[in-house]
Each structure stands twice: as structure tokens, then as C-alpha cells.
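The structure appears right after this line, and notes come after that.
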């Protein structure tokens, strides 16, 4: 679920997903089009693609199970679909953490769809 995604971002990247990633670049937040603008925006693009491959459950609403082991997030549970959602969220949170050094809110926060032409969109 989106609430769990926020939790994973806080645990892994030590940032609030809502405040740092909900309206960044062309892909962080609802929807997405155009070219990813930087490494962080690419994290969101890849996350969107990951969610797009999930079938049989709702990535934004369905609750999955995870645990922390030796500082790492481990996705669990018996439902393969929900585990897949967790793996998408886990990978994005790690990607955010690994790209904090190039995060540029002055340039890409509230970037706007007008700067993300649909015709420049790339396939997953």
C-alpha cells in the first residue's frame, strides 16, 4: 500500500516519501510521462513500471508484510502478488537512498507535466 511505501522510504532513505517524492520530476507522484529527469526520477519511473507488471492485486491499496533483518527490508507473506508489490517498493526505497546525492528539489520539485512531453516517454 502507499502507506507502507512511505514507511519503507522512511526506513531505508530516512526521508518522507510524501514530502520528498510525491511531486518530483516527471514520474514521482501520480501518473508520469516524458523522460525521467535525473536518477531519482528514474527510480520513480522504474517503480511505476514495476507496479504496471503486478497483476491480481492493487499496488496502491493492498497491504503486504515485511520485516527488518540486519538493517535490510525483507518482503514476506504467502501472497506472491503482495510480495511483488513489496519488492517494487523496497527497490524504489533503496534507489532513493542510493541517489540522495543528486536529488535536486530546486530544479525538479513541482516540475509539472508541461516539462514532460508525452512524445518523449520511454517504454518500460
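Heads up, the Cβ atoms here are built off N, Cα and C, so glycines get one too.
According to Swiss-Prot, 27, 29, 31 bind Ca(2+); the candidate from 48, 58 that the record adds to this site is 48. Counting in whole angstrom, residue 116 (disulfide bond) lies 11 from residue 31 (Ca(2+) binding site) by their C-alpha atoms. Counting only same-chain residues six or more apart in sequence, the Cβ atoms lying under 8 angstroms from the Cβ of residue 57 (disulfide bond) belong to 79, 81, 82, 85.
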